[in-house]
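Here is what Swiss-Prot says about this protein:
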BINDING   10, 11, 12, 13, 14, 15, 16, 17  ATP binding site
BINDING   12, 13, 14, 15, 16, 17  substrate binding site
REGION    35-38  region 'Interaction with substrate tRNA'
SITE      101  site 'Interaction with substrate tRNA'
SITE      123  site 'Interaction with substrate tRNA'
């Protein structure tokens, strides 16, 4: 029987963490995180990282392994996770991958295009330009250099825009030319399970989760990482709103409201992305019995 990767997918706040723990305990296996922010050791509360108690229940990988200043790409994540899976499959025939970072999930399930590594000189040049000229200027430049990618990239995400320009400048080719979208075959079976809730139910959970984060000390966590606010790792819902409060631009009540609003918006983006994937079979998180039956029906 081939090794199996159970991929547990869903929007922020849907209930992936608790269900992934239950499934992992059932199979006596480990969990690999596919959350690009839970990688950072200093971002525990705002990323809803697994608690010490949850980490004690099931071994987790790719949680709290990076410093805020570390540069880490989806391509590096792909390489590191595939290497870790090879080790885990020596003792387990099933491993859980769970998270809401769409690009990280695709990196493991489908593979990342072989895009050249950006040299440090080009990276520093583009970061300086971003700081001095702003995102709008770089977006306009991307429109000229790679109009095809300009049409599909999230123009509000500086990391994506900057990276595309880095490739354009370093290679003299468009970023689009490297995006072959070739699906890489994996040496393990992939079972994709999506978790979903009614919108009103999900939004209520998101709102309550933000309130719990505030009670758990999100403001203090944001204050501790405030000196690093310019880093891409902190261009994240929960932290960027707290920074506005710490700057004196927003009241605390308004900042909390914006965290809730932006989290809801992000959940919609996640669902739009996930709905494109026809391999995902969808369940409500309370359907644990049906989920386990489905896994066993396809994993034999």
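Glycine is treated like the rest: Cβ placed from N, Cα and C.
Note that the structure is a prediction, hence the values are computed from the model and not measured.
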Under a criterion of Cβ-Cβ distance under 8 Å and sequence separation of at least 6, what residues of the same chain contact residue 14 (ATP binding site)?
195, 196, 197, 202, 205, 267, 285
Counting Cβ atoms within 10 Å across all protein chains shown, which of the binding-site residues 13, 15 comes out on top?
13
Can you tell me the CA-to-CA distance separating residue 15 (ATP binding site) and residue 101 (site 'Interaction with substrate tRNA'), as a whole number of Å?
15
Using DSSP, what is the helix/strand/coil residue split across the region 'Interaction with substrate tRNA' (35-38)?
0 helix, 0 strand, 4 coil
Which whole-number value in Å describes the distance between the Cα atoms of residue 123 (site 'Interaction with substrate tRNA') and residue 16 (ATP binding site)?
35
Other residues, Cβ within 8 Å of 10, 11, 12, 13, 14, 15, 16, 17 Cβ centroid (ATP site):
100, 195, 205, 285
Taking only same-chain residues 6+ apart in sequence, whose CB is under 8 Å from that of residue 17 (ATP binding site), what do you get?
48, 50, 54, 98
Around residue 101 (site 'Interaction with substrate tRNA'), which residues of its chain at least 6 apart sit with Cβ under 8 Å of its Cβ?
34, 35, 36, 37
Among the recorded positions 11, 123, whose Cβ has the fewest other Cβ atoms within 10 Å?
123
Tell me, what is the mean pLDDT of the region 'Interaction with substrate tRNA' (35-38)?
95
Which residues in the same chain, at least 6 apart in sequence, have a Cβ under 8 Å from the Cβ of residue 10 (ATP binding site)?
16, 100, 194, 195, 196, 270, 274, 285
Residue 14 (ATP binding site) in three-state DSSP notation:
coil
What is the Cβ neighbour count of residue 12 (ATP binding site) at a 10 Å cut-off, with all protein chains included?
21
